[in-house]
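S.K.: Here's the feature list from TrEMBL:
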BINDING   118-125, 164-167, 224-227  GTP binding site
BINDING   ASN129, SER132, GLY133  Mg(2+) binding site
DOMAIN    111-273  domain 'FeoB-type G'
REGION    74-116  region 'Disordered'
TRANSMEM  400-420  transmembrane segment
TRANSMEM  456-479  transmembrane segment
TRANSMEM  500-522  transmembrane segment
TRANSMEM  551-584  transmembrane segment
TRANSMEM  624-645  transmembrane segment
TRANSMEM  736-756  transmembrane segment
TRANSMEM  765-785  transmembrane segment
Amino acid sequence: MNLSDLQNGDSAVIVRVSGHGAFRRRIIEMGFVRGQKVTSMLNSPLNDPVKYGVMGYEVSLRRSEAAMIEVLPEDEANQPLPDGPEEAPNANDPTNRRPSADTQPAPRKNEINVALVGNPNSGKTSLFNVISGGREHVGNYSGVTVAAKTGHVTYKGYRFNITDLPGTYSLSAYSPEERYVRQHILDRRPDVILNVVVASNLERNLYLTTELIDLSQPTVIALNMYDELEASGATLNHEKLGGMIGIPMVPTVARTGDGIDTLLDTIIDLFEGRNRVTRQVNINYGTTIEPELAIVTRLMQQSDDLPRQFPPRYWALKLLEGDTEAQRTLRSCAAYPEWKAAAERGAEKIHRLLAEQTEAAVIDRKYGYIAGALRKVYTPGTVDLNRATDRIDRIVAHKWLGFPIFIFLMWLTFSTTFWLGKYPQDWIEAAFAWLGEILRAHMPEGPLRDLLADGVIGGVGSVTVFLPNILLLYLFISLMEDSGYMARAAFIMDRIMHRIGLHGKSFIPMLMGFGCNVPAIMATRTIESHSSRLITILIDPFMSCSARLPVYILLVGTFFSATAGTVLISLYAFGILMAALTAVLLRRGVFKADETPFVMELPPYRMPTVRATLKHMWDKAEQYMRKIGGVILVISIIIWFLSYYPRTEVPTDTTLDPVALSEMQYENSFLGRIGKFCQPLVAPMDFNWKATVALLSGAAAKEVIVSTLGVLYSNADEASLSGTLAASGDFTQRSALAFLIFILLYCPCIASLAAIGNETGSRKWVAFSILYNTGVAWLMSYGVYHLAGLFLSA
Ligand code: GDP
Ligand code: MG
């Protein structure tokens, strides 16, 4: 019988997991180990995927994947329970000693580098925020490091540098986060690893801890969400457990800050080599694996070029498991071929004797070790913490209600973002207009006044007005993320995303894309499959980001005021359609073979905290404002400069009115010349040189299109840009529509391109994005222009 055969509400016991390597590994790591009880809990509205309960938490699996897990009805299964925690015989081998801080090369005095490692949703970010007190340095767009924030705090004379690493379930080389975390530990050598463990879900969370035990680094465990453990009525002797695994444990509640001082004290103790709990424990992998492990370890101990940060036993284990990342790291060692041969022989032997891969056997042993330890120190509570969650899930993932609720929430997000945002927007706009007037009134006439009033205030002002929209959008995104609804959105959407060759997890980055493509592209990190991740990254720029909204509002408001809502929604929908088509094309044409396991934790619903929500909004606002202060301001000034010079000589006895004069000025400026040079390319859509210039400058950042138009159409009598545009006669409805489509689809902005380059690690995909997106934009814009000719006035 397979897991997929289980009816809702039924339970069974796992016998075996089949399927290909990466899939099996991930499934087993997440707790689907032999002898575990699984319950089928709920179907998603489209019947697939299904929510299962295992090890006290909930996870979503596709039916096709559940079919690879062999189970037995509970009464037929009779599994012997593993014994208590066993240590390997060579636990006292001096070469395997856990390096304590004092043996490390010259520790910086009074400065402790701490790396936060833990499962997703274990409260790392909450802990990070409560420790660093908001005084952190927020990583900005550039570089892969954006996933890792570093914060600082001074406590008892020590300066703590705390790094919030991405959440992982293990440290295998399976997902980008796992590789990232492992590489961070290897390269940056944090003084102390702070392992965040969910106290109310120890069994699954401690799996990662067993991996850290193998790494043999100075480690402290924060038993976070201790309040939930207590609320469930469970009891835990954490001192005894810490003693067993050789790692000090401190109960914490990141939400309230309880236990933080003790945690920091413990970190200092460990750093100073004063902690008495800490010791190296070697998990016993059993009589079959241990001898093979000993052979490879001994070979490695003789080497002098083995990376010393991790112990030989760890590297030996990884080679036995066939870990590709470890192979890559060790390849440069002189004796590598010998090690590899020994490891392959060992793995073969293990496979022969245990009838399973070393990898799976090791994971099994680790879970056995945890279960054995927990049996001695932990009594489960009687209160089911998941009850409220299950009740809510039964509604939000209901067959009929699921989608209406989802659509309602998306509608609520968008309507509030844009309609409520309109009010503060008007105030900001008025403030900038007032500022411009004051400048004009008080400064002497000349280039400097024009630069400040038109270039700086005009440019920056037209972008700042959208700050309220961004704050509101991120308010909703943050609420959905922190409450746990985002994961449900992926659960509900998986079936549909599957149609375009992606999975539910790709939905979240796409939704984020409506806010800004840069964080959206980074959010793809949660997607394990390389090809799904790449496709999601490449289609994300078609999701209409909030920077494009100002342009839409301006043009739609000007040329389609009667049907503004419909046109706006159609634009967004068209972007989604192009994203879907591109995904299908890429999946069919470029990345043919890929079927990723859709294993996603469905965290219990939690009440979002005001503090975390505000912080998230603030972070985004700050990023946005920095963009204005940096790139956009510079570009606004460059554009102003290009349009202001060379100055056109005006004869003193001219009969021309000021509007005609300023147009003449623009036409002869550098900007006008560049626009005119490129204009033939977009002439088929009837874009004039001003529109061409706006598109050129918008390639830097989409919101610049508005400020460019603002500069180019600023000198008329009309007070508003919209009025000037309408009066200019430069756009018809159909050319405005074609212009909108072009802006929706063409070349991603510089920040997005930088993110694409970083996340894909290749310039090839940056070039692809520029060429493909601009090509699609041209074709679609051309098509729309001609189609619209049938319906709209010329
Ligand atoms: P991360 O994914 O590991 O960074 O986890 P977050 O810091 O984002 O926290 C995930 C969720 O757990 C949020 O809803 C937090 O409010 C909540 N949370 C964090 N720490 C605690 C805690 O100690 N107790 C309780 N009850 N909830 C917590
Ligand atoms: Mg986090």
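Here the Cβ of each residue, glycine as well, is placed from N, Cα and C on the backbone.
TrEMBL entries are annotated by machine, without manual review.
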S.K.: Residues sitting near the transmembrane segment (456-479): Cβ under 8 Å, six or more positions beyond its termini, same chain?
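M.R.: Answer is 412-413, 416-418, 420-421, 423-425, 428-429, 432-433, 435-436, 439, 485, 511-512, 514-516, 546-547, 549-550, 608, 612-613, 616-617, 620-621, 624-625, 628, 632-633, 635-637, 639-640, 703-704, 706-707, 710-711, 714, 721.
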S.K.: Are there residues at least 6 beyond the ends of the transmembrane segment (765-785) whose Cβ is under 8 Å from a Cβ of it, and what are they?
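M.R.: Distal contacts: 534, 537-538, 541-542, 574, 578, 582, 682, 684-686, 734-735, 737-739, 741-742, 744-748, 752-753, 756-757.
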S.K.: Among the binding-site residues listed here (GLY118, PRO120, GLY133, PRO166), identify the one with the smallest other-Cβ count within 10 Å.
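M.R.: So among GLY118, PRO120, GLY133, PRO166, the binding-site residues given, the one with the fewest Cβ atoms within 10 Å is GLY133.
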S.K.: Going through the binding-site residues PRO120, LYS124, ASN129, GLY133, PRO166, ASN224 in sequence order, which have a CB under 6 Å from an atom of ligand 1?
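M.R.: Those binding-site residues that pass the cut-off, since their Cβ is under 6 Å from ligand 1, are PRO120, LYS124, ASN224.
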S.K.: Go through the binding-site residues GLY118, ASN129, SER132, ASN224, TYR226 and pull out the ones with a Cβ less than 6 angstroms from some atom of ligand 2.
M.R.: none
S.K.: For LYS124 (GTP binding site), what residues in its own chain, 6 or more apart in sequence, show a Cβ-Cβ distance under 8 Å?
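M.R.: Counting only residues 6 or more apart in sequence, the Cβ neighbours of LYS124 (GTP binding site) under 8 Å are LEU116, VAL117, GLY118, ASP164, LEU165, GLY167, VAL196.
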S.K.: Measuring CA to CA, name the entry from the binding-site residues ASN129, SER132, GLY133 that ends up nearest TYR226 (GTP binding site).
M.R.: ASN129
S.K.: Near ASP164 (GTP binding site), how many other Cβ atoms are within 10 Å of its Cβ?
M.R.: 27
S.K.: Between ASN224 (GTP binding site) and ASN129 (Mg(2+) binding site), how far is it from one CA atom to the other, in Å?
M.R.: 14
S.K.: Identify, in sequence order, the residues in the chain of SER132 (Mg(2+) binding site) that are 6 or more apart from it along the sequence and have a CB within less than 8 Å of its CB; answer 'none' if there are none.
M.R.: GLY151, HIS152, VAL153, PHE160, ILE162
S.K.: Please compute the mean pLDDT of the model over the domain 'FeoB-type G' (111-273).
M.R.: 87
S.K.: Taking every protein chain shown into account, which of the binding-site residues SER122, ASN129, ASN224 has the largest tally of Cβ atoms within 10 Å of its Cβ?
M.R.: ASN224
S.K.: Tally every other Cβ atom lying within 10 Å of the Cβ atom of TYR226 (GTP binding site).
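M.R.: Excluding its own Cβ, the number within 10 Å is 21.
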